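A.B. asks: Straight out of TrEMBL:
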BINDING   A:HIS79, A:ASP90, A:HIS190  Zn(2+) 1 binding site
BINDING   A:ASP90, A:GLU125, A:HIS382  Zn(2+) 2 binding site
BINDING   A:ARG215, A:ASN279, A:ARG292  allantoate binding site
DOMAIN    A:215-310  domain 'Peptidase M20 dimerisation'
Protein chains: 2
Amino acid sequence: MQNWLNEKLLELNVTDKMNQPEGFNRLSFTKEEETAHEAFRKNAEELGMTCRTDSAGNIIARLETKEQQGEPARALGSHLDTVKNGGGYDGTAGVLCALGAVKKLQDENITLPFPLEVICFISEESSRFTMSTVGSKAMTGKLTKHQLDNIKDENGITLRQAMEAFGLNPENIQKAERDEKDLLSFTELHIEQGTRIEDAGCSYGAAAAIACPIRLHVHIHGKAGHTGTTPMDKRQDALVQAAELVTFVHEAALKLNENDDYPLVATASTIEARPNAMNVIPGYVKIGIDIRSVSDEQKNKMEEAIDTYLAGWTTAVEKEVIVRNDSVFLDQEMYGKLKELETTTGLKALPMESGAGHDVMNMQEKWPSGLIFIPCEDGLSHHPEEHASIKDLENGVELLYAYLTTADSR
Amino acid sequence: MQNWLNEKLLELNVTDKMNQPEGFNRLSFTKEEETAHEAFRKNAEELGMTCRTDSAGNIIARLETKEQQGEPARALGSHLDTVKNGGGYDGTAGVLCALGAVKKLQDENITLPFPLEVICFISEESSRFTMSTVGSKAMTGKLTKHQLDNIKDENGITLRQAMEAFGLNPENIQKAERDEKDLLSFTELHIEQGTRIEDAGCSYGAAAAIACPIRLHVHIHGKAGHTGTTPMDKRQDALVQAAELVTFVHEAALKLNENDDYPLVATASTIEARPNAMNVIPGYVKIGIDIRSVSDEQKNKMEEAIDTYLAGWTTAVEKEVIVRNDSVFLDQEMYGKLKELETTTGLKALPMESGAGHDVMNMQEKWPSGLIFIPCEDGLSHHPEEHASIKDLENGVELLYAYLTTADSR
């Protein structure tokens with residue numbers, strides 16, 4: 001299995017070695033994502049699965065006996081797109097381990113009492129478009145035609161245009177929504193992107209809930225002017241104001257963690273300054289802020305702290321809410337079963353929450369869903385040095401296999 | 001004269017109205033700069049001047065009698081390129097007033113005892129390439145072929161490539177250097193880009209010196225990671241560090257002005273964050289810092305303060321010096337004459353320094369040179385709302401005319 005995992009990891013990453021100084025760049029709806037999807041399809045078909053691409057670009061690989069045709073399936077899956085200069089495990093590990101579980105079922109000559117699907121979701125990351133989990137949103141009927149035209153990448157290309165360039169027909173996007181009775185459950189495996197599993201001396205994590213983000217854009221309007229001729233005490237420098245905001249967000253988030261059981265993270269993660277020229281005082285700065293906690297109350301406290309802080313400014317400033325998603329609690333029964341895989345696999349489980357959003361958060365709204373984490377080195381993710389060991393990937397296969405072989409057809 | 005100035009102001013700005021919400025965008029060596037240069041050539045020729053373009057792209061318009069051919073000239077001039085979203089007066093006012101002075105000489109039927117030149121310098125602003133005053137550097141022999149290949153715009157286009165695309169032959173760049181005996185003097189008129197003239201109740205400024213910049217790039221290397229899964233206390237957020245630096249630069253500059261006769265300005269004017277994605281902690285940030293004072297000692301103090309501050313960081317950081325230009329004192333005799341134009345014109349002069357670099361700082365290294373400022377509204381410059389009144393432009397014409405008609409041929 002380890003050799004097979006090594007080989008397929010490279011194939012899904014469309015590379016001959018995982019150590020890439022610039023990481024992987026498979027942004028949403030790009031040629032690079034398409035090539036990885038083709039590698040997925042090839043490998044799923046080699047395992048005897050039947051593949052179809054839905055109208056959003058998700059690939060659904062299905063394994064079933066003749067008698068199981070039309071029956072509700074249990075689904076596994078994750079995504080293959082990455083952030084800019086990302087790693088080869090975020091998303092890919094989940095797709096790989098799901099395929100690994102299919103391989104193990106076949107190696108062991110096991111026929112499940114239900115159809116099995118492995119879903120390769122499209123466009124999970126929000127790096128290109130500000131929206132994340134586009135594929136699972138479409139599959140659960142949460143993607144609107146209005147959004148297709150309104151969400152743009154940094155070059156002004158709309159989601160609709162990107163989908164068309166990808167060979168899809170966005171007019172049919174609603175056809176990607178699946179019926180409730182199509183699936184019995186959905187289980188995602190993902191790298192942890194943190195160090196809590198390792199810190200706790202465990203081998204995997206079972207997630208009870210997902211911390212979904214509030215995302216803000218703060219537009220700061222100072223006054224441009226010549227850097228050489230505008231005295232220091234007569235400036236309205238938008239970057240100086242923005243710097244204060246970045247510092248405030250970091251410190252306020254640290255403080256909010258002192259007195260609460262639920263951790264909160266808040267990050268000023270994007271910045272754009274205009275005109276961004278050496279000899280001009282920045283007249284305008286836009287800051288993107290990402291706030292997450294399983295506790296919606298904590299997230300709201302953080303947003304309120306920012307509101308109060310900005311209200312004290314004399315500089316012209318607008319806050320724009322880009323995303324405000326309530327955090328999602330996963331299916332309690334599935335969560336229990338995933339924790340109990342300890343007994344069948346001998347691997348120690350950490351009950352935990354997810355700090356990041358994943359496709360499973362959309363799937364949970366329609367089907368009982370669960371999330372397994374495997375460790376990744378130093379918790380590093382969204383980074384060229386992102387790494388999960390082959391041993392941990394093999395554990396991931398064992399966990400999904402153990403889950404499937406103890407699940408029933410109801 | 002006011003109607004003529006209004007009309008020519010529009011022509012040199014290649015527009016039908018000065019009030020442009022996005023300002024003007026005539027970046028160095030672009031089609032837009034070329035079109036403005038064509039407008040200059042047309043207008044200079046209409047005034048009976050003979051125009052030639054040198055190998056750097058500067059246009060030299062010359063007015064002389066047959067007897068004056070080959071004699072050293074007195075030159076006026078400035079530039080027509082702008083920053084991104086800049087105004088229509090920075091540079092343009094100087095070119096316009098110089099042409100206005102030629103027109104007034106003709107209206108008054110005056111033949112000067114020396115050839116007169118109006119120079120339209122190319123690529124004065126550093127917005128596209130990090131280097132400013134490219135045209136006057138070439139004319140004074142300060143531009144090297146090495147620089148042509150090493151200086152790039154944000155798209156990686158070298159200065160050489162940009163010059164080639166502009167129709168120039170960069171191999172001949174050294175031919176743009178002029179002989180010391182070609183010119184008797186150079187006088188630039190420019191908008192003040194500050195409010196000191198107005199604040200002092202004066203009508204124009206005569207500059208004694210020019211505060212040339214030290215420019216730094218500070219590269220901050222944090223560690224990228226997932227915004228949702230990396231706990232607040234385990235981060236190396238490059239933008240949080242950058243924010244502290246921006247605040248420090250602003251505060252240190254304010255402080256350095258408290259105890260010194262020479263004003264100093266320091267601006268963190270550019271910022272680039274990577275990967276600049278909503279769900280990734282910034283792993284790398286580059287800050288551009290522009291430091292200016294007539295006092296090189298003050299500039300050095302500011303740079304040392306930054307060095308000391310960065311030395312206290314645990315985050316990996318590198319400082320790169322992009323520009324370190326000693327401040328320039330202008331010709332004392334010319335400075336005296338420009339101040340004395342008070343008596344001939346009835347306009348009140350403010351003796352001052354220039355906080356910004358101008359083409360005159362290069363010209364001074366080879367020829368006695370001077371710099372006249374006219375006021376601009378609220379000191380606003382490098383901004384779409386940049387504005388100088390027609391009355392002040394007319395005063396500019398009067399000042400240059402008065403200077404020329406009292407100058408001799410030695």
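A Cβ is built for glycine as well, from the same backbone N, Cα and C atoms used for every other residue.
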A.B. asks: Mind giving me a neighbour count for A:HIS190 (Zn(2+) 1 binding site)? Other Cβ atoms within 10 Å of its Cβ, every protein chain shown.
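C.D. replies: A:HIS190 (Zn(2+) 1 binding site): 30 neighbouring Cβ atoms within 10 Å.
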A.B. asks: Of these binding-site residues, A:HIS79, A:ASN279, A:ARG292, which are close to chain B by the rule of a Cβ under 8 Å away?
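C.D. replies: Answer, by Cβ distance to chain B: A:ASN279, A:ARG292.
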A.B. asks: Rounded to the nearest angstrom, how far is the Cα of A:ARG292 (allantoate binding site) from the Cα of A:HIS190 (Zn(2+) 1 binding site)?
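C.D. replies: With distance taken Cα to Cα, A:ARG292 (allantoate binding site) is 18 Å from A:HIS190 (Zn(2+) 1 binding site).
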A.B. asks: Mind tallying the domain 'Peptidase M20 dimerisation' (A:215-310) by DSSP state, helix then strand then coil?
C.D. replies: 37 helix, 32 strand, 27 coil
A.B. asks: Using a 10 angstroms cut-off on Cβ to Cβ distances, just flag whichever of A:HIS79, A:ARG215, A:ARG292, A:HIS382 is the loneliest among these binding-site residues.
C.D. replies: A:ARG215
A.B. asks: State the three-class DSSP label for A:HIS382 (Zn(2+) 2 binding site), counting H, G and I as helix, E and B as strand, and everything else as coil.
C.D. replies: coil
A.B. asks: Name the residues of the same chain, 6+ apart in sequence, whose Cβ is under 8 Å from the Cβ of A:ASN279 (allantoate binding site)?
C.D. replies: A:HIS226, A:THR227, A:GLY228
A.B. asks: Within 10 Å of the Cβ of A:ASP90 (Zn(2+) 1 binding site), how many other Cβ atoms are there?
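C.D. replies: A:ASP90 (Zn(2+) 1 binding site) is surrounded by 29 other Cβ atoms within 10 Å.
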A.B. asks: If you draw a 10 Å sphere on the Cβ of A:GLU125 (Zn(2+) 2 binding site), how many other Cβ atoms land inside?
C.D. replies: 27
A.B. asks: Nearest to A:HIS382 (Zn(2+) 2 binding site) in three-dimensional space, by Cα, is which of the binding-site residues A:HIS79, A:ASP90, A:ARG215, A:ARG292?
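C.D. replies: Closest by Cα distance to A:HIS382 (Zn(2+) 2 binding site) among the binding-site residues A:HIS79, A:ASP90, A:ARG215, A:ARG292: A:ASP90.
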A.B. asks: Taking only C-alpha atoms and a 10 A limit, tell me which of A:HIS79, A:ARG215, A:ARG292 are near A:GLU125 (Zn(2+) 2 binding site). These are the binding-site residues.
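C.D. replies: So the list reads A:HIS79.
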A.B. asks: Please find which two of A:ARG215, A:ASN279, A:ARG292 have the most distant C-alpha atoms, given that the record lists them as binding allantoate, and give only that distance in angstrom, rounded to a whole number.
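C.D. replies: Comparing all Cα pairs, the maximum is 37 Å.
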A.B. asks: Take every residue in the domain 'Peptidase M20 dimerisation' (A:215-310), average their pLDDT values, and give the whole-number result.
C.D. replies: 94
A.B. asks: In angstrom units, rounded to an integer, how far apart are the Cα atoms of A:ARG292 (allantoate binding site) and A:ASP90 (Zn(2+) 1 binding site)?
C.D. replies: 19
A.B. asks: Quick one: Cα separation, A:ARG215 (allantoate binding site) versus A:ASP90 (Zn(2+) 1 binding site), in Å?
C.D. replies: 21
A.B. asks: DSSP on A:ASP90 (Zn(2+) 1 binding site), three-state: which is it?
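C.D. replies: It is coil.
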A.B. asks: For the recorded Zn(2+) 1 site, whose residues are A:HIS79, A:ASP90, A:HIS190, find every other residue on that chain with a C-beta no more than 8 angstroms from the centre of their C-beta atoms, and list them by sequence position.
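C.D. replies: Apart from A:HIS79, A:ASP90, A:HIS190, the close residues are A:SER78, A:TYR89, A:GLY91, A:THR92, A:ALA93, A:GLY94, A:GLU124, A:ILE191, A:HIS358.
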